[in-house]
């Protein structure tokens, strides 16, 4: 079964807190507080959240399937139970989803660009992540991160974001896993399983060799299954659309 990695659970400040252990992201570690100044998360009701990535002082990227009418965007956050002095909340001023996206196919062109209602300032815990200058290479070591479930049963959620390293696979592995591979998509994971993104990590970044290469879209259910990588929207393939929208061409179509 395929899982779109949005969750419908308790508010992040109310979820069961997982003590630091070997079961994080799934299978990673607590992120260093200085590792993720670009990482944001959003509430779009009292019960749902997704990850996001700050790409400049006024714009964030996430998955299109995370879109809801009301969204509250948190930046500069680390521990849900402790406030950083520089954390801020923003709301969408404008939201852009590919106009040529297939309406009934959630995984098609699963990317959304959001303009914040007010720019943010760079600070100790807030700074953008640059868009990629080159596409990623198969075999690259990639970093995943988020506040999503840290157990495959999706009954434990963390107070802090967790990080893990996974590998970028070739298209053969991806097609074997799911009998196909959507266009402009990357797949990444660990062949033996045990390390993966999970529910609540949707929309968060895939960072390969230091570059923002993917946006988490979907994966296996349960998470972290052997030979069942997760799928990420390939950011590099959408650069012309992203740059056109930011430049003011609001009717730009996706490739």
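Backbone N, Cα and C define each Cβ position, glycine as well.
Positions annotated as signal peptide by Swiss-Prot, on the basis of similarity to another entry: 1-18.
The domain 'Peptidase S1' annotation in Swiss-Prot covers 25-247.
The active site, charge relay system annotation in Swiss-Prot covers 65 (among others). Residue 65 (active site, charge relay system) carries a helical DSSP state (H, G or I).
In the three-state DSSP assignment, the secondary structure recorded for residue 110 (active site, charge relay system) is coil. Under the heading active site, charge relay system, Swiss-Prot lists 110 (among others), citing similarity to another entry as support.
When secondary structure is read from DSSP and collapsed to three states, residue 170 (N-linked glycosylation site) falls in the coil class. Within the same chain, the residues at least 6 positions away from residue 170 (N-linked glycosylation site) whose Cβ sits under 8 Å from its Cβ are 138, listed in sequence order. Among the features that Swiss-Prot reports, N-linked glycosylation site is placed at 170 (among others), with the record citing experimental evidence.
Counting every protein chain shown, the Cβ of residue 196 (site 'Required for specificity') has 29 other Cβ atoms within 10 Å. Here Swiss-Prot flags 196 as site 'Required for specificity', drawing on similarity to another entry.
According to Swiss-Prot, the active site, charge relay system annotation covers 202 (among others), on the basis of similarity to another entry.
As annotated by Swiss-Prot, N-linked glycosylation site applies to 249 (among others). The Cβ neighbour count for residue 249 (N-linked glycosylation site), using a 10 Å radius over every protein chain in view, is 11.
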Long-range Cβ environment of residue 110 (active site, charge relay system), under 8 Å and at least 6 residues apart: 63, 64, 65, 215, 217, 218, 233
Inter-residue Cα distance where the pair is residue 196 (site 'Required for specificity') and residue 202 (active site, charge relay system), in Å: 12
Densest Cβ neighbourhood among 65, 202 (active-site residues), 10 Å radius: 202
